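Chemist: The following feature annotations were taken from TrEMBL:
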- 118-439: domain 'Transposase IS4-like' (DOMAIN)
- 129-152: region 'Disordered' (REGION)
- 137-152: compositional bias 'Basic and acidic residues' (COMPBIAS)
Amino acid sequence: QQEVLNRCELASFPFGLPAALITADRELGLSQLIVEETGSPATAQALLAFVLGRAEEPLSKNAMGSWYARSGLPFLLPPPPALDTRSYLRHMDRLDDATVDRITFRLAQQLKARGFSSSLVFFDTTNFSTEQQPRPGDAERQLPRAGHAKDGNRQAKLVGLATATSEEHLPTFHRVYPGNENDARLFREVVRDMVATLVKLGEKAEELCFVIDKGMNSEEGWTALRHEKVHFVGSLKRSQVAELMRAPLAKFSSAYTTESGETIRMLRSERTVMGVKGVVVMAYNPAAERRQAVDYARAKERFLVEGITIAEAAGQRHRGRPPTVAGTTRRLIGLIPEKWVKVFRFHVGPTLDEGTSRLSVRVWVEEKAEAEKRAGFGRTAIFTDRAEWSDEKIARTYYARSGMEEDYHVLKDVLLFPVMPIYHRKDWRIREHTFLCVMGLLLYRYVQLRLEKAQKVRTPIGALVARLKRIRLGVVSLDEGKAVRAKLERMGPEEQRIVKALGLAALVPK
């Protein structure tokens, strides 16, 4: 026995996550569509390898070859083509805009054929920080732009991503755009394309309903939806319904109870907003009020404590380099979340003492603005033209937008499927890279839905990925690989249920 053991080599490889994504790819036919649209099986293999690698860690194209060799993919897939950077770029460049549009549309057809609905459309935007810089005069390097960074990184350039998903939050449309483009203007521009695509899929325009947030709130956006004869569920800014934000809760009626036991209360009224007639449902969630109150209290304390510290330091004599108005202003601005800029105020200026470098700095809270903000805690003004819907249906439909937040969390979390870092300089390659990341999100969502159907409960993608990563493949090789046996390593009950529900055992090498 010892002699046999001495001839054996043991190895352990990731299995659960790549096997789940490979299964989803085969069922949806993504790789097959890439073969048909590019005419290259090697391209489909290389791009699937990228998707699987990105799901493990944010690798550069240059690192993919060495990662693939030490991963468990050689046991699960046919031998891949060359995975060096130059080969990858050649494969990626087969994904021009027209090819990406055809693949995306055909995938949407596949999803519809599998019974997934397209009539309810969730639309949202986000952006990603990048170290890439636009180059004046170079039409192929214009996507990275300075703008409002949603991750708070004010120094980096941004690339924008707009996504539309089905009722089940499967991505069916996306658009990459310059980071300085206004969300409302972008929405107006892409509405026509989205509606045309959905009608081509067999949906009726008059039965479509777009769910959007207040970032898309503009007269042009509402007009674009009306022009396309589609319905909408969106939200309004506080200033558009200021009196409803102040309405006493005694006027609200109980609508429904959430899964966590919170009672959602509603106040309904008919309104015309920016020329559009509809229904405003003011929804009050006590749990949201508590969260917002805690968030505000922390922000207020930080602003006052650190602001006063900055003020005291600026008012003292300095032996070294004295503080400047510009530098002190930047430090104070950094303490204020954008949503509280009208509440947290400051003034920076020179003192009246001649011959001194000291500054006069004051920080304070604008009490009237604070009271107005606090009055709206826990309240969401939902605006829709679906007047025939109940208050509960309107609110639940709008709150289902939270699935978009999970989508963007997936695309920003380094442990899930991050778009960043973006190593490409050319705009078309940034679009190709983002397309592959959105396809990774689609595969994640599909796996999540498959598991939900089997287990009757939805597992958040972060938790699902963590469980899949605990499923590993053990490999025993004898006499330097002359005989190889593979078997799933010992698992807990949770992982066993996942393997059974997704049929992953079928991918274990025989």
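Glycine is treated like the rest: Cβ placed from N, Cα and C.
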Chemist: Please indicate, using numbers and ranges, the residues of the same chain that are 6 or more beyond the compositional bias 'Basic and acidic residues' (137-152) and have a C-beta under 8 Å from a C-beta there.
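Modeler: Same-chain contacts beyond the ends: 126-130, 158-160, 176-181, 338, 412, 425-428, 430-431.
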Chemist: Looking only at the region 'Disordered' (129-152), how are its residues distributed among DSSP helix, strand and coil?
Modeler: 0 helix, 3 strand, 21 coil
Chemist: Per-residue pLDDT averaged over the domain 'Transposase IS4-like' (118-439) comes to what?
Modeler: 88
